[in-house]
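Asker: Below is a structure I'd like to ask you about.
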Amino acid sequence: MGASILSDLGTEILIPVCAVIGIAFSLLQWVLVSKVKLSPGRDPGSPRNNGAGGKNDCADYLIEEEEGLNDHNVVLKCAEIQSAISEGATSFLFTEYQYVGIFMVAFAILIFVFLGSVEGFSTKSQPCTYDQSKICKPALATAAFSTISFLLGAVTSVVSGFLGMKIATYANARTTLEARKGVGKAFITAFRSGAVMGFLLAANGLLVLYITINLFKIYYGDDWGGLFEAITGYGLGGSSMALFGRVGGGIYTKAADVGADLVGKVERNIPEDDPRNPAVIADNVGDNVGDIAGMGSDLFGSYAESSCAALVVASISSFGINHEFTPMLYPLIISSVGIIVCLITTLFATDFFEIKAVKEIEPSLKRQLIISTVLMTIGIGVVSWVALPSSFTIFNFGDQKVVKNWQLFLCVAVGLWAGLIIGFVTEYYTSNAYSPVQDVADSCRTGAATNVIFGLALGYKSCIIPIFAIAVSIFVSFSFAAMYGIAVAALGMLSTIATGLAIDAYGPISDNAGGIAEMAGMSHRIRERTDALDAAGNTTAAIGKGFAIGSAALVSLALFGAFVSRAAISTVDVLTPKVFIGLLVGAMLPYWFSAMTMKSVGSAALKMVEEVRRQFNTIPGLMEGTAKPDYATCVKISTDASIKEMIPPGALVMLTPLVVGIFFGVETLSGVLAGSLVSGVQIAISASNTGGAWDNAKKYIEAGASEHAKTLGPKGSDPHKAAVIGDTIGDPLKDTSGPSLNILIKLMAVESL
């Protein structure tokens with residue numbers, strides 16, 4: 001068998017050190033972002049005062065006058081808008097977390113009762129599940145520890161979402177102010193703040209998990225099977241919070257967005273983020289709540305779950321049986337190396353290359369993906385060579401399968417590259433630099449109907465390559481290392497999570513920056529810069545969603561495998577009626593879930609539209625810009641609607657496995673899981689790509705950057721109106737239904753387990 005090269009002590013130092021470096025790096029980025037001042041006034045450190053002085057000063061001064069750099073009102077206005085957005089987001093999250101907290105406690109009690117009742121709440125030690133000759137810790141202990149790790153996962157998830165949102169609302173106005181100095185400065189500010197969130201989240205998730213394992217080890221001692229079974233709660237906690245963050249946040253953001261667009265742009269013909277529009281603050285709050293807090297929790301959930309799935313399988317393989325600590329923590333070591341790799345990658349975007357023109361934004365973000373993937377491949381190779389014995393066995397449906405360390409390296413690498421492929425395909429289908437989106441924009445000539453048809457076709461078509469990528473990675477990793485292979489493939493996809501999240505959080509930040517520029521009444525040129533940042537942001541958000549969906553598919557498959565091996569089912573036979581009806585029902589669930597979330601967006605948007613119309617009709621001087629709209633009411637409508645509407649979809653996901661498992665048994669449940677996985681992935685990919693494409697088709701027409709775009713007309717032309725309708729339809733698809741589905745897939749699997 002041979003031992004691993006890296007000693008156990010090395011592992012115990014490596015993991016926390018990497019995590020701490022990650023946290024330190026994110027704090028450093030935050031300090032750099034906070035150097036942009038939100039209070040008017042010249043700070044002595046500005047480059048004008050330490051220049052050569054003399055004639056240059058004069059020229060600089062003229063440029064500044066022209067760009068409005070000295071306009072104190074603008075800075076004050078930005079600060080005011082920013083604090084309004086920040087307050088709205090914080091108050092929404094606090095309201096949401098109160099409800100979620102109640103749910104968390106209830107569910108924790110449920111877990112404790114279900115797991116503890118296995119042996120009638122006995123506190124005696126009992127024979128192990130896999131090896132009857134050994135004595136394991138009592139079920140009650142596992143129940144207690146699972147509940148603790150569930151709460152830990154939930155709290156970490158909530159905290160990471162909340163921190164991400166705080167940083168985003170902190171950075172949005174700063175990005176706007178930097179945009180006055182040029183697109184490169186604004187890009188760096190937005191990207192840095194995204195990086196703060198990415199690194200905080202990756203490092204926190206890793207650190208908490210690592211500490212939890214070490215603390216539990218004090219009690220469990222040598223019973224590693226029980227130890228890592230109890231750790232599974234961590235993933236469940238992370239994902240169940242993500243579900244509410246995603247669904248609640250998604251309903252919130254889209255109710256505001258659709259409401260603001262329909263009345264503002266279509267009925268009243270005012271620009272997108274016009275300060276006269278009462279729903280505009282709610283719309284910008286929504287970007288933070290849904291895209292950032294939701295996305296953060298979501299990817300954290302995937303990450304926690306794939307780690308847990310890998311650990312559970314490993315604990316009953318040779319690693320766990322022979323108590324080899326370093327190979328056992330292989331999944332965590334991959335993540336720690338991932339943090340370091342992403343750190344180097346981030347420097348490429350912020351320090352090594354400077355962005356000077358608008359067209360360099362997207363390539364720079366793409367470069368992030370490529371660099372991190374290439375470096376990570378090398379990193380995984382080193383880790384696999386150092387941390388794994390040269391050959392070992394993996395538990396595979398009842399027997400042990402012999403695996404070599406290079407095979408495991410391939411499993412992780414294939415997941416990593418599949419993630420890159422999914423990212424690029426998503427980019428191709430949602431970026432307005434390529435033909436698919438331009439075709440959709442072109443179809444707006446003949447009205448909204450053709451736009452919708454083209455958009456839907458694009459979304460369905462964009463499923464093809466990602467599904468093949470996922471399929472190949474499943475085949476490769478399963479044939480090498482059974483279920484463990486799939487779990488580490490999912491981890492490979494998520495190993496560059498810090499970069500992925502930085503790219504993803506960059507989107508909503510630049511979106512908000514554009515909104516603030518419009519509301520503060522900045523010049524047209526600045527709005528053009530923020531729009532360019534935002535269009536790139538739409539694409540990167542779609543890439544982030546692609547990653548989340550791909551990893552969710554792999555994670556849920558790994559969890560499904562863990563569930564099947566725990567429930568002692570060796571094969572799932574499709575021909576038995578029990579399983580087949582399970583498949584049918586499971587495939588229907590994502591549709592039911594999407595219907596719920598989309599209808600919620602529709603009804604919440606309806607309330608919002610009525611409120612916005614009421615304000616336009618009853619507040620005198622609102623359209624003329626002499627009176628201020630009542631933003632708070634709109635924020636309240638969105639908050640109330642999303643809190644109320646997030647309960648039914650959440651309940652559907654949480655209760656299905658319990659109901660099916662209790663009334664119909666494990667075999668039907670395995671069918672339901674397989675069915676929901678198969679249909680959920682397709683709907684999720686097509687929904688988020690369709691929505692992203694419609695949004696960028698609209699941006700393509702608005703920007704008028706090419707000859708083709710100019711023929712489709714300025715804002716307000718008929719093709720543009722058709723594009724706005726498409727964008728409005730796509731909003732709930734890309735930001736509510738699509739992203740929430742991947743949580744549906746994962747959660748049901750982890751809960752069954």
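Each Cβ is built from the backbone N, Cα and C atoms, and glycine gets one as well.
Pulled these from TrEMBL:
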type     : residues : note
TRANSMEM : 13-33    : transmembrane segment
TRANSMEM : 99-118   : transmembrane segment
TRANSMEM : 138-165  : transmembrane segment
TRANSMEM : 186-213  : transmembrane segment
TRANSMEM : 328-349  : transmembrane segment
TRANSMEM : 369-387  : transmembrane segment
TRANSMEM : 407-430  : transmembrane segment
TRANSMEM : 451-476  : transmembrane segment
TRANSMEM : 482-503  : transmembrane segment
TRANSMEM : 547-569  : transmembrane segment
TRANSMEM : 575-593  : transmembrane segment
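Describe the structural context of each listed feature in the structure shown, including burial, neighbouring residues and relevant distances.
Answerer: Same-chain neighbours of the transmembrane segment (99-118): 139-140, 142-144, 146-147, 150-151, 154, 158, 233, 236-237, 240-241, 244, 643, 647, 650, 654, counting only residues six or more beyond its ends whose CB sits under 8 Å from a CB of the stretch.
The list of residues near the transmembrane segment (138-165) in space but at least 6 beyond its ends in sequence, with Cβ under 8 angstroms from a Cβ of it, reads 89-90, 93, 97, 100, 104, 107-109, 111-116, 118-119, 121-126, 197, 200-201, 204-205, 208, 212, 216, 219, 226, 229-242, 245, 288-289, 292-297, 300-301, 304, 501, 505.
Below 8 angstroms of C-beta separation, residues 15-16, 18-23, 25-27, 29-30, 32-33, 36, 149, 152, 156, 159-160, 163-164, 167-168, 170-171, 174-176, 178-179, 227-228, 231, 234, 238, 292, 296, 299-300, 303-304, 307, 311, 329, 332, 335-336, 338-339, 342-343, 346, 349-350, 355, 361, 364, 497-506, 509-510, 513, 529-530, 533, 537 of the same chain, each at least six residues beyond the ends of the transmembrane segment (186-213), sit close to that stretch.
Listed by sequence, the residues of this chain that lie at least six past the ends of the transmembrane segment (369-387) yet keep a Cβ under 8 A from its Cβ atoms are 4-6, 11, 326-327, 329-330, 333-334, 337-338, 340-342, 344-345, 348, 405-406, 408-409, 412-413, 416-417, 419-420, 423-424, 492, 495-496, 499-500, 503, 543.
Away from its own ends, the transmembrane segment (451-476) comes close to residues 410-411, 414-415, 417-418, 421-422, 425-426, 429, 436-437, 439-440, 443-444, 485-486, 489, 546, 549-550, 553-554, 557, 681-682, 685-687, 689-691, 693-694, 697, 722-723, 725-726, 729-730, 733 of its chain (Cβ-Cβ under 8 Å, at least six residues beyond either end).
Residues 22, 164, 191, 194-195, 197-199, 201-203, 295-296, 299, 302-303, 306-307, 309-310, 313-314, 317, 330-331, 334-335, 337-339, 341-343, 345-346, 365, 368-369, 372-373, 376, 379-380, 394-397, 401, 403, 407-408, 411-416, 418-419, 473-474, 476, 540, 543-544, 547, 550-551, 554-555, 557-558, 561-562, 565 of the same chain lie 6 or more positions beyond the ends of the transmembrane segment (482-503) yet place their CB under 8 Å from a CB of it.
Beyond the ends of the transmembrane segment (575-593), by six or more residues, the same chain brings 649, 652-653, 656, 660, 664-665, 667-680, 683-684, 737, 740-741, 744-745, 748 to within a C-beta distance below 8 angstroms of the stretch.
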Asker: Short question: which residues 6 or more past the ends of the transmembrane segment (13-33) have a Cβ under 8 Å from it?
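Answerer: That would be 6, 167, 170-171, 174, 189, 192-193, 195-200, 202-204, 206-207, 210, 329, 332-333, 336-337, 339-340, 343, 346, 498.
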